[in-house]
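Some notes on the structure that comes next.
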Amino acid sequence: MNPYILATLLFGLGLGTTITFISSHWLLAWMGLEMNTLAIVPLMAQHHHPRAVEATTKYFLTQATAAAMLLFASVTNAWLTGQWDIQQMTHPLPITLITLALALKIGLAPVHSWLPEVLQGLDLTTGLILSTWQKLAPFALLLQIQPANSNILIAFGLASTLVGGWGGLNQTQLRKILAYSSIAHLGWMILVLQFSPSLTLLTLLTYLVMTFSSFLVFKLNNSTSINMLATSWAKAPALTALAPLILLSLGGLPPLTGFMPKWLILQELTKQDLAPTATLAAMSALLSLYFYLRLSYAMALTLSPNNLASTTPWRLHHLQPTLPLAVGIAATLLLLPLAPAAMALLTL
């Protein structure tokens with residue numbers, strides 16, 4: 001892709017998200033989300049592969065449906081209450097509709113079906129943008145309208161954690177596994193959204209860091225399926241040793257960074273007298289942990305039968321920069337000791 005066109009599209013992505021962040025009017029927020037969608041569509045279809053075009057079409061139709069629902073709900077809210085302000089949502093009907101529209105935007109269960117299919121059709125770089133940056137703007141809106149729709153949010157959250165766990169069990173494609181992982185993590189964030197918005201932000205931040213590291217590892221190894229992971233030991237042995245730790249951090253095992261948000265969320269849910277919900281969420285985390293362990297096993301404990309036992313690939317230099325990956329891995333593995341500081345910030 002022409003670098004000027006690429007720069008324009010990335011600028012559009014950033015501008016759309018920023019407009020949604022700063023808006024207090026529903027029309028401006030809707031416009032930011034539309035800019036976001038229109039900027040990423042050419043990035044998704046840039047390789048002209050049938051799978052990429054199919055994924056782009058599915059993504060566009062889904063996002064257009066969600067945007068239409070959002071616009072309809074905000075107009076309904078203005079009609080019922082006379083308010084266009086995002087903070088002034090009082091009527092339950094538009095609040096429910098907007099929550100559903102934003103859930104469709106980010107891929108929460110039960111309106112999640114598009115996300116694994118779309119992510120499977122993209123390359124890893126665009127998939128990384130879709131899994132991280134594209135979640136920010138809808139989350140900013142969810143955080144602003146969160147107080148009044150508690151039962152819906154808990155239902156969405158539990159459904160997402162369970163679907164994210166069950167859906168990833170039988171997958172062999174890494175991008176689909178990461179899509180179900182994304183659904184499960186979003187479920188954890190939505191569960192605690194109404195009780196502690198700052199904890200949701202902390203969870204979102206750790207999810208972004210861990211997903212960033214995972215995508216970069218797979219991109220560096222040029223892996224898109226579990227079988228391709230088995231050959232990665234000959235390409236980058238040090239990275240192959242660290243990759244299982246990144247995946248286990250995504251699964252939420254102590255003493256890695258991914259344990260911190262899950263621990264704090266379970267603590268908060270228990271404080272709110274939602275012990276059954278917390279138990280169900282914790283059990284669904286075990287499902288996710290299984291397929292992360294499967295990936296770790298394929299990467300670190302198996303040798304591909306058709307891989308030459310040669311040290312030549314070890315000496316090949318990668319053309320892509322490895323500093324972002326190094327920073328991401330350090331943050332993914334080593335931030336758990338900062339949990340007391342995070343808890344102090346959450347109580348401010």
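Yeah, the Cβs are placed from backbone N, Cα and C, and that goes for glycine too.
Database features, via TrEMBL:
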type     : residues : note
TRANSMEM : 7-28     : transmembrane segment
DOMAIN   : 23-286   : domain 'NADH:quinone oxidoreductase/Mrp antiporter transmembrane'
TRANSMEM : 60-80    : transmembrane segment
TRANSMEM : 92-115   : transmembrane segment
TRANSMEM : 152-170  : transmembrane segment
TRANSMEM : 177-195  : transmembrane segment
TRANSMEM : 201-221  : transmembrane segment
TRANSMEM : 233-254  : transmembrane segment
TRANSMEM : 274-293  : transmembrane segment
DOMAIN   : 289-341  : domain 'NADH dehydrogenase subunit 2 C-terminal'
TRANSMEM : 323-346  : transmembrane segment
Inset, instruction - Determine which recorded stretch among 60-80, 92-115, 201-221, 274-293 has the most C-beta pairs below 8 angstroms with the transmembrane segment (323-346). - result: 201-221
Legend entry - Recorded stretches the transmembrane segment (177-195) and the transmembrane segment (92-115) touching, at least 3 CB pairs under 8 Å: yes
Inset, instruction - Find the average pLDDT over the domain 'NADH dehydrogenase subunit 2 C-terminal' (289-341) in the predicted model and report it. - result: 76
Legend entry - Range from 60-80, 92-115, 152-170, 201-221, 233-254 with most C-beta pairs under 8 A to the transmembrane segment (274-293): 152-170
Inset, instruction - Among 60-80, 92-115, 201-221, point out the range having the most Cβ pairs under 8 angstroms from the transmembrane segment (233-254). - result: 201-221
Legend entry - Long-range Cβ neighbours of the transmembrane segment (60-80) (under 8 Å; 6 or more residues past either end): 26-27, 30, 33-34, 37, 41, 89, 91, 93-95, 97-98, 100-102, 104-105, 114, 118
